[in-house]
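Student: I am attaching a structure below and will ask some questions about it afterwards.
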Amino acid sequence: MWRVQYVSAQQLAGFRQYKYSAVDTNPLSVHVMQPMWDQIVKIVPQWVAPNLLTFSGFVVLLINYFLLSFYDWDYTASGTSPGSIPTWVWLFSAFATFCAYTLDSIDGKHARRTHCSTPLGELFDHGLDSWATSIFTLNFFSLCSRGNEQTGFLLHKMFLSLSIALLNFMVSHWEKYNTGVLFLPWGYDISQVVQIVLYLLTAATGVEIWHRPILFGYYIVDILILLIIGLSIVLSFPQTLYNIYKAYLKKTLKRDSFYDGCVPLVSPILLFTLISIWVTLSPCDILAKQTRMFFWMLGVTFSNILVRMIICQMSNTRPKVFHWFLFPLALVVYTAVTGQLGRMEPIVLALFNMFVTAAHVHYGICVVRQLSDYFNIYTFSLKKRI
């Protein structure tokens, strides 16, 4: 594959000085999950590379995504034909979510256990997390179904839920970009455990459980949306601003000015602005016509923007103000909402989807290879380079 040097010499030098720092205050994580991960990691053979654990979890999650896509391409199977998704698919979804969650949680522990922690390992982990965040959410949408105002997700609720999940991830890493410390969000562990439980519950009772109220006339979907919004507005966003403010008072901020601190937010905000305009003004109602494809495009584009932010955070450099994906996206959105694409709008979405996915995968492979060469290590092996 044609190799591009995406990481600059300045950024590579910055990686040499990088030290990982994280804080986890979530009671569920500290008192329940972490002790369990400490036991599970002991099962992993010493010769297994931590990055292999990370990648394996992501692959299992992808398999789950494509499996659900086969049975429920347009997110209506759980509503219009409740038996069309077999019970074993929900059981596999619970298994896949648990595996991805577990492997993502123990890779760092295994790296420290085998004395092979590197900046590449953290970038590999968080880079895949930035993509997995959207995939976890898209898989979950198959449980709820869309289009039913009472029992399912309306499209705008699906879009809102996915956007909040991605913004939560962005805010955590923007916080680290400014403070140098990753304050692990409470919502992540809670959402993973809830998702696994609901997959198992659906396998045991059928999707009919989503079609009847469970508490004071509220459906599961209503409660989940309130939970998502509550965790974000009440916990995540205010806590991020407070942590940045504390770092400002202690004079430990990593950025010299307000402008430098806010530069990473420009591209994500523009991304969600362009996407919202497209969703709102699309002549053919593109979100309803190609729901899965549209959400996949949003997740991939977001992931590439966030990976570049993470690289800048780890190398103590400043990202570019405008991510280059935004320029072709803006052109597509303009031609779509002005009616110039006509019936070609879904086809152009598909082509743009293939373009950003290929570009993102190429970027990831090249960056991993570049850092592997720089640190003189193998990505998926603990063997030493000669």
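Including glycine, each Cβ sits where the backbone N, Cα and C put it.
Feature table excerpt (TrEMBL):
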- 52-73: transmembrane segment (TRANSMEM)
- 85-103: transmembrane segment (TRANSMEM)
- 153-171: transmembrane segment (TRANSMEM)
- 216-237: transmembrane segment (TRANSMEM)
- 258-281: transmembrane segment (TRANSMEM)
- 293-311: transmembrane segment (TRANSMEM)
- 323-341: transmembrane segment (TRANSMEM)
- 347-368: transmembrane segment (TRANSMEM)
Student: Verify whether three or more Cβ pairs under 8 angstroms connect the transmembrane segment (323-341) with the transmembrane segment (258-281), leaving out any pair fewer than 6 apart in sequence.
Tutor: yes
Student: In the same chain, who gets a Cβ under 8 Å from the transmembrane segment (293-311) while lying at least 6 residues past its ends?
Tutor: 7, 11, 123, 126-127, 130-131, 133-135, 138, 141, 158-159, 162, 166, 169-170, 173-174, 177, 264, 267-268, 271, 275, 279, 286-287, 317, 319-320, 323, 325, 329, 346, 349-350, 352-353, 356-357, 359-360, 363-364, 367
Student: So what's near the transmembrane segment (153-171) in sequence-distant terms, Cβ-Cβ under 8 Å and 6+ beyond its ends?
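Tutor: Sequence-distant neighbours of the transmembrane segment (153-171): 75, 129-130, 133-134, 136-138, 141, 144-147, 185, 187, 191, 221, 224-225, 228-229, 231-232, 236-237, 240, 265, 268, 272, 279, 287-288, 291, 295, 298-299, 302, 306, 309.
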Student: Mind checking which residues of the chain, 6+ beyond the ends of the transmembrane segment (85-103), have their Cβ under 8 Å from one of its Cβ atoms?
Tutor: 37, 40, 53-54, 56-58, 60-61, 63-64, 67-68, 71-72, 77-78, 132, 136, 139, 142-143, 192, 195-196, 199-200, 202-203, 206-207
